[in-house]
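Structure record follows, encoded as structure tokens.
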Ligand code: IYR
């Protein structure tokens with residue numbers, strides 16, 4: 001695959017395309033990052049951006065994973081000590097998932113966000129950004145809970161991280177786009193260069209196909225799930241035999257094949273008894289989706305296969321988590 005296609009595959013949006021093309025022309029040694037508020041257990045939301053980091057690693061870029069401990073603290077996720085503990089568990093699960101330990105730099109936010117220069121730059125951003133602007137940037141990240149001053153400081157710090165970690169590309173889910181736009185608008189006023197951004201899609205809720213899959217509500221799949229729990233969740237997923245269900249609905253089973261399975265496996269085999277036509281094999285998402293639409297692939301077989309492949313993807317992280325917890 002061409003480097004630009006690899007860097008941008010499955011991206012919902014790049015800002016700007018021209019800047020990302022420039023990066024793709026010479027990716028060696030360029031630095032890309034995702035920041036995560038530490039959490040003890042990785043779920044599919046984390047893994048979607050991790051898949052993009054694996055693509056970028058394959059394209060020759062250096063990867064930085066920010067364990068955003070100060071951000072989690074500002075977002076009310078617990079005491080500093082609790083957050084630190086979960087950050088260590090998170091790092092171990094990312095490595096088990098496939099982020100090469102020797103090619104990935106894991107950085108704690110608190111390692112640089114408490115320095116004098118950073119703090120003074122933060123205060124400068126506080127002076128130039130309206131509360132309204134900061135609140136809007138934060139709305140999708142903290143939901144309705146954006147009433148505290150900490151929630152206004154949060155997106156300003158995230159904007160600065162991109163400069164302080166010396167990055168060439170900021171990656172995040174679409175829910176991070178407003179923070180990234182704030183970065184692009186505000187950083188030049190501090191004399192820093194705005195960086196390109198890449199946003200991954202938001203996957204629909206597994207059981208309804210509506211809205212977004214979320215770890216706080218509804219069903220998500222995580223490193224904590226046993227094979228049986230995972231099968232149960234996938235089997236109860238919404239999976240009409242079409243890519244485009246009516247209205248605002250999505251087909252989450254197809255989305256998971258597209259964003260989680262095909263990027264990590266060259267071939268996907270659907271095992272079927274001979275009397276139902278025997279095994280099917282797919283090398284691309286497109287052919288699998290087309291077969292689901294034509295009726296060649298039954299939704300129940302698609303779900304069974306999805307569960308098998310997702311299980312394989314989370315198995316190393318699940319094992320790691322069990323070791324950590326003892
Ligand atoms: N806002 C992210 C966490 C985060 C991301 C980056 I990129 C940072 O520089 C800092 C924090 C989240 O919603 O998890």
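Cβ coordinates are placed from backbone N, Cα and C, and glycine is handled just like the others.
Caution: TrEMBL annotation is automatic and unverified by curators.
Just so you know, the Cβ of residue 176 (L-tyrosine binding site) picks up 23 other Cβ atoms within 10 Å once every protein chain is counted. Residues or ranges marked as L-tyrosine binding site in TrEMBL: 33, 154, 158, 161, 176.
The annotation ATP binding site is assigned in TrEMBL to 215. In the three-state DSSP scheme, residue 215 (ATP binding site) is classed as coil. Of all Cβ atoms in the protein chains displayed, 16 besides its own lie within 10 Å of the Cβ of residue 215 (ATP binding site).
According to TrEMBL, the motif ''HIGH' region' annotation covers 38-46. Non-local neighbours of the motif ''HIGH' region' (38-46) in the same chain are 67-69, 72, 77, 83-87, 89-90, 93-94, 97, 173, 203, 213-215, 220-224, 256, 260, 317, 321; each lies 6+ residues outside the stretch with a CB under 8 Å from one of its CB atoms.
Mean per-residue pLDDT, taken over the motif ''KMSKS' region' (212-216), amounts to 76. According to TrEMBL, the feature motif ''KMSKS' region' maps to 212-216.
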>> Quick test of your reading of the structure: among the binding-site residues 154, 158, 215, whose CB sits under 6 A from ligand 1?
In response: 158
>> I'd like the number of other C-beta atoms within 10 A of the C-beta of residue 158 (L-tyrosine binding site), please.
In response: 24
> If you count Cβ atoms within 10 Å of the Cβ of residue 161 (L-tyrosine binding site), leaving out that atom itself, what do you get?
Replying inline: 25
>> Please report the distance from the Cα of residue 154 (L-tyrosine binding site) to the Cα of residue 215 (ATP binding site), rounded to the nearest angstrom.
In response: 21
